[in-house]
């Protein structure tokens, strides 16, 4: 299957496995918040140094002896199970494990001190950092091999024959759709009429004309959401309009997720994976908890998943020749991509690399006379871009929408500049200061800079033209060359949640009152008013508490953790490369582009929605990977 395989010898050395397990247990309990003990009466430097090391190590393991014993035993069994037999070596698994371990160690440093200096300050932290990296390297190495085994295993759970199975076989899409949506209905009711946000209230102010309608929010989502609420107001209840919208978006998302389960059945994905995916869709707060939240990312994510599923089906069928053969495929592709672009501008930048690569490949194959030029494919590929542009232009013309500033695109470089000014302001020349001040409020940068969000810094944006931006980026690049670590820290600090599976990232807007304060006194409250019925007060709080509990539970909590899905994505990408899946790796391009946009986003803390395209697509990605490797094994 993979040409000549390189085998790893089995490892039976109990002392070595025990040492790895013990180091991992230390890594799991480490904190980089290290005290600096003082002891009167010690005059010699060497004695004082030895005393500090022993005291700091004692503080580290204090009251954790029993826990560390259990952890050591558990990790020893895990490593013994992983390495007890000779196995195929997964290429690049060691570098990936090391990188993930370093990223986790960095996350611990930023969580502790918002700086990588926590790795070595005080000096004892160098030892702790070494333990962190080694311990998680051992852990990630084992988990990568165990995950590879699980995805390659032919073992599966058995679904007993019965009424449910017969219904499922007869209705493989309709039954999962009903199940998912019905499981979400209680969440919609508990948070009636819906959970709002500042962005939602801004959209309504745009739509009703109480604020200049700009492209700061996707104009199509603003128009659609505003139209639903206006319809509700027209029939006498803004609540009804909001509730209809969250039901509408929940229906669409449940249809899409049921479609992913339908395709996974078509791909003959293992039953355990389909049951796990269905359970996640129905129960996990990152799915069920956002059904009542009318954010722009929700419907964008739905059509992103459809796009990824279409891409997978393209490789399952006849490749590029699929276009033009099946009209429904072409229609679904065009509609999904068009709506993905309309609901978030990111959609265009996710799609363009895919579209360009497919066009270039088609042209190369044609010029080599290996394949005919498929004009239907070119038409279907271009149509969504043209349609989405036309729809957006129509809304812009109808509502006289004003183009917003490009500050959203530059959140990350603005953060890097702000950190540079804070940490190295004494090195900034007058020329550099003027270039920065033409774009951002220079004097406010040190105070405005917050490590985890770019919003305060980008709010000082005031560039008047493109020339100012060109000068700014020239300075930005020169300052990067002077202090690259500063830029690295600014990026890593803001995004460390992406690599820390044990860090909570919980945010669930409770009800329709979230963000309401921004409309006070501007007149919109006279047009529409959302309210939770008196008898329902407290139900939304119960729902949000339930989500928070599920997010923090062992095992189940990982299913509501951004880092878990990001790490899983890179593991499957590693497996695809190792298994030489060739062109099929291309299905990962939209997810990798989405990951890039998460890095470039204003923040990920309290905003897991930016990673929803990755999170919602991962079950289907795992199913597709299993389908491809099984087909390859059959051919071999």
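Using the three backbone atoms N, Cα and C, a Cβ is placed for every residue, glycine included.
The structure displayed is predicted, hence computed values, not measured ones.
These come from TrEMBL:
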TRANSMEM  12-32  transmembrane segment
TRANSMEM  65-83  transmembrane segment
TRANSMEM  95-118  transmembrane segment
TRANSMEM  130-151  transmembrane segment
TRANSMEM  172-190  transmembrane segment
TRANSMEM  240-264  transmembrane segment
TRANSMEM  271-292  transmembrane segment
TRANSMEM  298-315  transmembrane segment
TRANSMEM  349-366  transmembrane segment
TRANSMEM  558-578  transmembrane segment
TRANSMEM  585-604  transmembrane segment
TRANSMEM  610-629  transmembrane segment
For the transmembrane segment (349-366) and the transmembrane segment (585-604), decide whether they are in contact, meaning at least 3 CB pairs lie under 8 A, counting pairs 6 or more apart in sequence. yes
Quick one: do the transmembrane segment (12-32) and the transmembrane segment (95-118) have at least 3 Cβ pairs under 8 Å, skipping pairs fewer than 6 apart in sequence? yes
Would the transmembrane segment (172-190) count as touching the transmembrane segment (65-83), if touching means at least three Cβ pairs under 8 Å and pairs must be 6 or more apart in sequence? no
Other parts of the chain folded back onto the transmembrane segment (271-292), taken as Cβ under 8 Å at six or more residues beyond its ends: 156-159, 176, 179-180, 183-184, 187-188, 190-192, 194-195, 246, 249-250, 253-254, 257, 260-261, 264-265, 298, 508, 543-544, 546-547, 550-551, 556, 559-560, 608-609, 612, 615-616, 619-620, 622-623, 626
Considering pairs 6 or more residues apart, do the transmembrane segment (130-151) and the transmembrane segment (95-118) have at least three CB pairs under 8 Å? yes
